[in-house]
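Engineer: Quick one: the structure is below, questions incoming.
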Amino acid sequence: MAKSPSFTCTACGATHTKWSGRCDACGDWNTIVEDAGLSAGGKKSLGANRGAAIQLTDLQTEESPPPRTNSGIDELDRVLGGGLVPASALLVGGDPGIGKSTLLLQAAAQFARSGVKTIYVSGEEATAQVRMRAKRLGLSDAPVLLAAETNLRNILTTLEAERPGLAIIDSIQTMWSDTVDSAPGSVSQVRSAAHELTTFAKRKGVSVILVGHVTKDGQIAGPRVVEHMVDTVLYFEGERGHQFRILRAVKNRFGPADEIGVFEMTGRGLEQVTNPSALFLSERGKPSAGSVVFAGIEGTRPVLVELQALVAPSPHSQPRRTVVGWDGGRLAMILAVLEARCGIPFAGLDVYLNVAGGMKISEPAADLAVAAALLSAREDAALPEGAVVFGEISLSGALRPAPQTENRLKEAQKLGFTTALAPSGGKAIETSGIKVQQMHDLTSFVGEVFGAG
Ligand code: TYD
Ligand code: MG
């Protein structure tokens, strides 16, 4: 059977049987490239060659897991699920210039200082550049072993000889192997480099951290194409105009996913933010129309963020719906529920929704806060001072209780909030110093908060 060609989207990693200008999976244009180089040959069926028998084992034989190593950067350790697991492969993705190299150099220095033999291989910068950055960050004295190299064969040989505890490869897109017949950064090169490095990590007990740039360029494969190979995937997010950076675990074989670490980019590198709620709310003034504080949960930690909405008459026949930091589809749903269940139309009105501080929210529990922000903006009426909002809205207009209600309330109270607007039902809420106004459905919410609406 002739091998059918295979095509991969460099942005999302979806595979296709034929080339097209637009990827069906993620909707990006000009990101589909043909796979080449991998798995050449393979014409014979596998049964023809007898393989070696693999050793089978059971589930309960215990091998005491080697201890995790802490970096000493708490925000990073939390996202890792309590420290770095030996012999694991990690991917740190993010937009170019967001601060991946800075974070990893700081982490490398911390690990090296705590006694882990650490090798930092830069494929993008010369050693002098990395040294300069280390000097600026005050890390010059850390015993990190540094190299500038892009040839994977040389890197693996070196790692084999040196046997470090941790190897950082910055970035996977610059690595190339002479066994693969395509340019560095192509899907096949990136995949094969990641595969070599992760198998090396497992076999030799070396933890490997791969850096991957998120790219929209069709020629260069993004980190999505290697996500499935590694144990842990972290994304470094943030808005360019803001100094806040959020490190988010989207996959973690050794800990909870969805955990976040919050950092601030300063002149001396990235600094941890131990109280993100205070940071996200720090720019907030008096309560104003369209502004609502959402009591959210990120991973295991409660985080308060401000949602801002603006509703204005639209000059266009098709009004605008613009969302930053939340899901556009979900916004459309909330608007539809408000219209159908509460009789509050948004037709002919432009709607803008923004999550302050460059934060991205994916929790359904933000529904009610979004609805509150939209209504507050539409009615030009601010919510009561000192109120937080959370809860999921179903299509029927009913409100569903959110998980970890108690943690949300505790955090709100800690930051000086006095009232919470939340769905009723769920576990009995022990209120300690914060008044919880419970509501069954969106209509009663509108009635109680905005009068008859
Ligand atoms: P960098 O770590 O090089 O990004 P990446 O590896 O993700 O491409 O970060 C580059 C940006 O960080 C750059 O715009 C300058 C800024 N920066 C600071 O603000 N302070 C610092 O101490 C450092 C080292 C970088
Ligand atoms: Mg970099």
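Just so you know, glycine gets a Cβ as well, placed from its N, Cα and C.
Residues annotated as domain 'RecA family profile 1' in TrEMBL: 65-214. The ATP binding site feature in TrEMBL is assigned to Gly94, Asp95, Pro96, Gly97, Ile98, Gly99, Lys100, Ser101. According to TrEMBL, the motif 'RadA KNRFG motif' annotation covers 251-255. As annotated by TrEMBL, region 'Lon-protease-like' applies to 350-453.
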Engineer: Is it possible to get the count of other C-beta atoms within 10 angstroms of the C-beta of Gly99 (ATP binding site)?
Structural biologist: 19
Engineer: Can you give me the residues near the recorded ATP site, meaning same chain, not Gly94, Asp95, Pro96, Gly97, Ile98, Gly99, Lys100, Ser101 themselves, Cβ no more than 8 Å from the center of the site's Cβ atoms?
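Structural biologist: Those within range, site residues removed, are His213, Phe236.
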Engineer: Using DSSP, what is the helix/strand/coil residue split across the domain 'RecA family profile 1' (65-214)?
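Structural biologist: Each residue of the domain 'RecA family profile 1' (65-214) counted once, the result is 62 helix, 31 strand, 57 coil.
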Engineer: Of Gly94, Pro96, Gly97, Ile98, Gly99, Ser101, which binding-site residues come close to ligand 2, meaning Cβ under 6 Å from one of its atoms?
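Structural biologist: Close enough to ligand 2 are Ser101.
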Engineer: With Cβ-Cβ distance below 8 Å and at least 6 positions apart along the chain, what are the contacts of Gly97 (ATP binding site)? List them in sequence order.
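Structural biologist: When sequence neighbours closer than 6 are ignored, Gly97 (ATP binding site) has Arg240 within Cβ distance under 8 Å.
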Engineer: Among the binding-site residues Gly94, Pro96, which residue has the largest number of other Cβ atoms within 10 Å of its own Cβ?
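Structural biologist: Buried the deepest by this measure is Gly94.
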Engineer: Mind tallying the motif 'RadA KNRFG motif' (251-255) by DSSP state, helix then strand then coil?
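Structural biologist: Here the numbers are 0 helix, 2 strand, 3 coil.
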Engineer: DSSP helix, strand and coil counts for the region 'Lon-protease-like' (350-453)?
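Structural biologist: The counts are 38 helix, 25 strand, 41 coil.
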Engineer: Just jot down the residues in the same chain as Ser101 (ATP binding site), at least 6 apart in sequence, with C-beta under 8 A of its C-beta; none if empty.
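Structural biologist: Counting only residues 6 or more apart in sequence, the Cβ neighbours of Ser101 (ATP binding site) under 8 Å are Ser122, Glu124, Glu125, Arg133, Asp170, Val211.
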